Structures are given as structure tokens and as C-alpha cells.
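Features reported for this protein in TrEMBL:
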ACT_SITE  Cys22  active site, nucleophile
BINDING   Cys267, Cys413, Cys464, Cys467  [4Fe-4S] cluster binding site
BINDING   Ser314, Asp376, Asp377  Mg(2+) binding site
COMPBIAS  485-501  compositional bias 'Basic and acidic residues'
DOMAIN    22-252  domain 'Glutamine amidotransferase type-2'
REGION    484-520  region 'Disordered'
Amino acid sequence: MRGDGRLSHDLDPGEKGPRDACGVFGVWAPGEEVAKLSYFGLYALQHRGQESAGIAVSNGSKILVFKDMGLVSQVFDETSLGSLQGHMAVGHARYSTTGSSTWENAQPTFRATGHGSIALGHNGNLVNTAELAEMVAELPGGHTPRHRVAATNDTDLVTALLAGQTDDEGRPLTVEEAAERVLPRVRGAFSFVFMDETTLYAARDPQGFRPLVLGRLERGWVVASESAALDIVGASFIREIEPGEMIAVDENGLRTRRFAEAKPRGCVFEYVYLARPDTDIAGRNVYLSRVEMGRRLAGEAPVDADLVIATPESGTPAAIGYAEASGIPYGSGLVKNAYVGRTFIQPSQTIRQLGIRLKLNPLKEVIRGKRLVVVDDSIVRGNTQRALIRMLREAGAAEVHVRISSPPIKWPCFFGIDFATRAELIANGLTTDEIGTSLGADSLAYISLEGMVESTTIAKPDLCRACFDGEYPVELPDPTLLGKDLLEERPGRDSTRHSDVDGVDALVTGPGAGDALRRP
Ligand code: 5GP
Ligand code: MG
């Protein structure tokens, strides 16, 4: 960023929250203001990434990229959008991974190809980064600056691979030909939106970890991370990009091909927290899933209380469901500052102690003397609930019963959510009662895995639940590459193969892993 290069996500930077997936957007629409459509598309996807934003536009003969650190509304203005003229665009809103909150790592990534250029945006996280880096090094001229890649950036490796493929005679392949060769070799989570000068492409990994949808404008096509972004730019939902599918859109219309067999494992945490409530994933609305999680939670973990309140905003739908099923009235117990988000002001120690209060203020008149059920979507480190419970007691709550609409998070995510390290996850090593005590709650309960899964209406085998049950749907790199304590509790692992954490190259694993390895 301008200045010290470190942005604080929260008003309380000491309380580094888990970081989300990114948002991607693409549009092919001659005659439309594609940069502005991308701007509003990204604006609708801002919750998926708030670190940097970028838009690349093609006018048919050249691609221009504009990107910077900050929110979509901070990065772009009339002038910059006005300079991005063309008939198609790709856009990206990003949460950086550990230590790489830099302009260079903002997306879309851009590369020259043998035919022109390519711009690419990525939501997800790859798990065979080391292998991809080797493939880049083996490209003709792989060690020249043209192919040089920032070590921590898995996305740029893919862009380099797509840009650098050649046929047997050494002639450069087109981006489309290159994609057919490269995509089957990429492992992990990817929803890619990319383009060359004439064609918009979108591709989704065989598991379909992250969402990606296709929409239609009167005079064009749109792809976006979430269906809500289609609504907002006035596109009608056509269908999802299928797991293992790549689509291409140009003046000849839409064509599709399958680069891998679909093995659907959509991220269940999209339903719990990540996606907007007005988004549908795999045909299921996110808001309805969250309300249903709350209803089931009430059935599984009832409590005698006077009022159900939500931890705003993400806990609200589940709190509504809990109230409905339990018959306990729902009320607003906390007021959230609607403008809270990224701030460039580093709070002093005195201000930092205010912590969560900078974001949430209790409604004392509502809370005083009440036995409360406080519903939130998830507990990661436990900081939010611990601070909240203290604040509610100070506001006069008689009892505080915490109910969480997802099971305990015990495992790191390698597929696009930068959760805490295993050691930092409060549910790792503590029982639910112990966690409740540590948070200062009168009682604590989580929804069951089955209750959460059934609320999505998606068949359990079709969901990735790895952060809850440790069943990773994609083979992870050798445990020696994943480091010490990471997979220790998994049966069948040979603990003697665990390597020295310090010997692990940041390249080898994704952001969750890097983070999980580097900190105690
Ligand atoms: P904790 O305070 O326990 O570390 O984090 C839990 C809180 O963070 C919950 O209120 C939940 O809504 C929120 N949360 C859960 N997952 C994510 C995420 O991936 N990114 C962000 N920014 N917040 C999250
Ligand atoms: Mg929350």
C-alpha cells in the first residue's frame, strides 16, 4: 500500500481474522462498458477479498491492466475506468496470502504470449505449486525473465504456463491450446477467469471447490464467483461452470470442453460463511442453508433463554432459524458499524484494547437482565466470542449461551481459506466444554457435521468438509512437504517422515499451509 506496506484488515490488527477466498469476474460484451460492469461485479464480490483489486480490459488488439492495493472503490475512479476501453474484461478482488500483500501479487496477472498476451484472475489455492514451478522452469527459456515467477504466487505460475507452451516444432500454442494441456496438471482449488485479446475463458477445478457461474447479458456473457454478482450487473443466471469444465466465449459464441472428470467437492464453508446470502451454489440458496443450520442447531442444542441475538452480520440467518425453531424471540442485541472494514489507521494500544467494541456496540436496554442465546456462524480462534461475551456481561446480560452454526474447525484449509494455524484453532485439542469455559460462556454448543451438511441439501460426499473432519478430497503433497504437526493425528501417516519446518519452501504449499507451518 501507500506507505508501510501492511494493511490492517480489522480495526484491531492484533486480531487477524481468517482470510477468505478471492472474487473473480469476467465479461464479454461488445458495445457495453465492460470496465464499469467489472467494477460493479467486483463491488458485489468485495466480501471475498479486500486487499487488492484489478481489472484487465481487451479492445481486440491489446490488453490493459489496472490494479492496486485496497478496496474496489479505492482502487478505481471514473478516470481509471474510463481509460479501460474494450469489449471484454476480467476482474479480481484479492485477499493476499501470508506476507505477500504487494502490488506485484495483485491480480489479474499478466503475461506476454507467443501470440499476444494473457490476463488471468484466480480464486482458490493450488496444492502442487512445486510441481508447477518445475514445469515453468522447464519451459523453453524457462529461466529467462519472461518466465520468472514470484515464489509465493501460485497463480502467476499458471499464467506463465499458459503463456509459454509450444508445439513439437517450438511454435507457441494459443492460450486455448495451452489450457487444454496445462489445466489437467493443476491440482487444488481454482476458479480461473482469463482472456487473450479476443476470447474470454473460465475454468473450474474438477472438485469445484470454489463457486463459478455463467450469466447472460442482452449483448454478452458474464462469469462470476457468485450468482449474486450476476444479479447486480443485470445478467441472468445460465448455469454453473461445471467442475472440470473450461468455457470460451468469443464472437462465435460460447464453446465448452471438459479437461477433467468432475468429482464435485464444493466447499461447505461457502454455505456457512464465505458466500453472500443472496448467492446460490449448486442450486442451493446460501441464506436458506444458514437459516436451516440455525433451526437444526436449536433442535440439537436447546437452551432455556429469553432472547436470541446474532453476531452481526454473518450470524444473522442462523440466529433467525434458531429463534424460529426454538420459539425464543429474536432481537437485535448488537449494533454494528456498517462502515467497518479496512482502515489505514493503526490503532494505538489504548484504542486496540477497545477491540471488538470498535465494530460492535451492545444495546444495553435490550440486553440487561436477559438470558441470551448468541448465535454465530463459526469459531476460529475464539477471539470474537470471548470479547463479545465479556461485553454482553458488562452490558448486564444474566446468562450467555453461545450456539455456533458450524462444527468445530480443527483442520487447516489448503483450498483457498487462509484459516489460522492448527495450533491457533481453539477447537484443536480442547473439548467443547473447555472451549466454552475459555470463552467465558454459560454454555457452548456447535451444530453437528450432519446437521450442517443436511442444511445445505448437498449430498455429503459432494462437499469438502476438510476443515471440520480432516478428510482432504485431493491428495496433498508428501507430508514431509507439509511439515511437522500438520497431519500428525491422521491415521496411517508415517510420523518419521515429517521434516524440519524451517526447511520447508514457501513454494511447496498454499497459503493455509505456509501459515500453518511457519507459526507455532
Ligand atoms: P474468531 O474470532 O473465532 O477467530 O473468528 C470467528 C469469527 O470470524 C466469526 O465471527 C466468523 O463470522 C468470522 N469468520 C469466519 N471465517 C472467516 C473468514 O474466512 N474470513 C473472515 N474475515 N472472517 C471469518
Ligand atoms: Mg462474524
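From the backbone N, Cα and C atoms, a Cβ is placed for every residue, glycine too.
Distribution of TrEMBL features across the structure.
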residue	record	Cβ neighbours (10 Å)
Cys22	active site, nucleophile	28
Cys267	[4Fe-4S] cluster binding site	27
Ser314	Mg(2+) binding site	19
Asp376	Mg(2+) binding site	22
Asp377	Mg(2+) binding site	24
Cys413	[4Fe-4S] cluster binding site	25
Cys464	[4Fe-4S] cluster binding site	25
Cys467	[4Fe-4S] cluster binding site	28
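For ligand 1, the neighbouring recorded positions among Cys22, Cys267, Ser314, Asp376, Cys413, Cys464 are Ser314, Asp376, by Cβ distance under 6 Å. Proximity of the recorded positions Cys22, Ser314, Cys413, Cys464, Cys467 to ligand 2, judged by a Cβ distance under 6 angstroms to any of its atoms, singles out Ser314 in sequence order. Cys467 ([4Fe-4S] cluster binding site) falls within a helical segment according to DSSP. Note: the Mg(2+) site is recorded as Ser314, Asp376, Asp377; in the same chain, Val272, Tyr273, Ala310, Thr311, Gly315, Ala318, Val375, Ser378, Ile404, Ser405 also have Cβ atoms within 8 Å of that site's Cβ centroid. Considering only the binding-site residues Asp376, Cys413, Cys464, the residue listed as 'active site, nucleophile' has Cys413 as its nearest partner by CA-CA distance. Distance between Cα atoms for Ser314 (Mg(2+) binding site) and Cys413 ([4Fe-4S] cluster binding site): 20 Å, as a whole number. Rounded to the nearest whole angstrom, the C-alpha distance between Asp376 (Mg(2+) binding site) and Cys413 ([4Fe-4S] cluster binding site) is 20. Asp376 (Mg(2+) binding site) falls within a strand when secondary structure is assigned with DSSP. Apart from Cys267, Cys413, Cys464, Cys467, the residues listed for [4Fe-4S] cluster, the same chain places the Cβ atoms of Phe209, Val268, Phe269, Phe415, Gly416, Ile417, Arg465, Ala466 within 8 Å of the centroid of those Cβ atoms. Distance from the CA of Asp377 (Mg(2+) binding site) to the CA of Cys267 ([4Fe-4S] cluster binding site) is 15 Å. It is 17 Å from the Cα atom of Cys413 ([4Fe-4S] cluster binding site) to that of Asp377 (Mg(2+) binding site).
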